[in-house]
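Taking it in order: structure first as structure tokens, then the write-up.
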Amino acid sequence: MDHAADRHRTDLMTITRFVLNEQTKHPESRGDFSILLSHIVLGCKFVCTAVNKAGLAKLLGLAGETNVQGEDQKKLDVLSNEVFIKALVSSNRTCILVSEEDEEATFVRPANRGKYCVVFDPLDGSSNIDCGVSIGTIFGIYMIKDGHEPTLDDVLQPGMNMLAAGYCMYGSSCTLVLSTGSGVNGFTLDPSLGEFILTHPDIKIPKKGKIYSVNEGNAKNWDSPTSKYVQSCKYPADGSSPKSLRYIGSMVADVHRTLLYGGIFLYPGDKKSPNGKLRVLYEVFPMSFLMEQAGGQAFTGKQRALDLVPEKIHERSPIFLGSYDDVEEIKKLYAAEEQN
């Protein structure tokens, strides 16, 4: 490749250009959604820089506070949360923000208010910060139900009502994966340009994968269908090769690998945590939305994940998501359990 020539290319598909192209498909659009996405992208760039400098800037370690989930807050968590709140409010396109780090939803003051609700986890996998494992930001976007004064009901909607969802992974490269409801596309940050470039157009998850991803440390507390499924991954009844176990412990990294290579990601409910650990609004819904848009499935153990109607902003749910055929297998095990 001629890197010197590549440096001067201006025909690259940047995320801004991509979003504007999508906007032209909706003649009635006023550009509000594009402006909101540009502010989310800016927040991701800012957090990416902070993550890269974290060790040098002494941002690692605890901030001495705990968040609503009872988890110790990292300094980077606090910073990332502030970055996204400010970026979203300053877009003048949002009315309600729900963050994993804040106990209450943030209602934007009327002067800065728009028609979108954004749910987000500013820094998922933050327990991995100190050891350099990939971490990320997860987000989902809803529109308020109508022109009334915004209430919590505007965010307590089923995942299938989401307009867009995505995540930004801060790892060996900074990758932003986005769906606006018509497929999934991946963008990689070019540090020399400061731009996200389309590198993974129209991502489709393989129909069946060779990898399963689950925390087996919880195995003694699993229900029967989960135990049977993991057993079948290790010892297939048909004598075929077993699936490989890959588990990082950072949802963004585990789901990203599942999306690209196929397979299944599981965070089941168990005796200790019947509702699982992952939060519905800003973890389960965005990742399930992306999986379905890429041709996969997402299941809670009882129903399609995107059909869930949350009652609280920090509600949790079990989740099984990934390749269509792999999720279909665990759905059959739960169906058989129900019949017994």
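Each residue, glycine too, has its Cβ placed from N, Cα and C.
Now, the feature entries from Swiss-Prot:
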{"type": "BINDING", "residues": "E71, E100", "note": "Mg(2+) 1 binding site"}
{"type": "BINDING", "residues": "E100, D121, L123", "note": "Mg(2+) 2 binding site"}
{"type": "BINDING", "residues": "D121, D124, E283", "note": "Mg(2+) 3 binding site"}
{"type": "BINDING", "residues": "D124, G125, S126, S127, N215, Y247, Y267, K277", "note": "substrate binding site"}
Any further residue of that chain within 8 Å (Cβ to the Cβ centroid of E100, D121, L123) of the recorded Mg(2+) 2 site: D77, S80, N81, S99, E101, F120, P122, D124, S126, T137, I138, Y282
Least Cβ-crowded entry, counting other Cβ within 10 Å, from the binding-site residues listed as E100, D121, D124, E283: E100
Pairwise Cα distance for L123 (Mg(2+) 2 binding site)/Y267 (substrate binding site) [Å, integer]: 19
Binding-site residues (Y247, Y267), the one with most neighbouring Cβ atoms at 10 Å: Y267
Any further residue of that chain within 8 Å (Cβ to the Cβ centroid of D121, D124, E283) of the recorded Mg(2+) 3 site: E100, F120, G125, G136, T137, I138, M251, V252, L278, R279, Y282, P286
Residue, out of the binding-site residues L123, S127, whose Cβ gathers the largest set of other Cβ atoms within 10 Å: L123
Nearest recorded site to E100 (Mg(2+) 1 binding site) by CA-CA distance, among binding-site residues G125, S127, Y247: G125
D121 (Mg(2+) 2 binding site) to E283 (Mg(2+) 3 binding site) - Cα separation in whole Å: 7
In the chain carrying N215 (substrate binding site), residues 6 or more apart in sequence that have Cβ under 8 angstroms from it: Y247, G249, Y267
E283 (Mg(2+) 3 binding site) to S126 (substrate binding site) - Cα separation in whole Å: 14
For substrate, whose listed binding residues are D124, G125, S126, S127, N215, Y247, Y267, K277, the greatest C-alpha pairwise distance in Å: 17
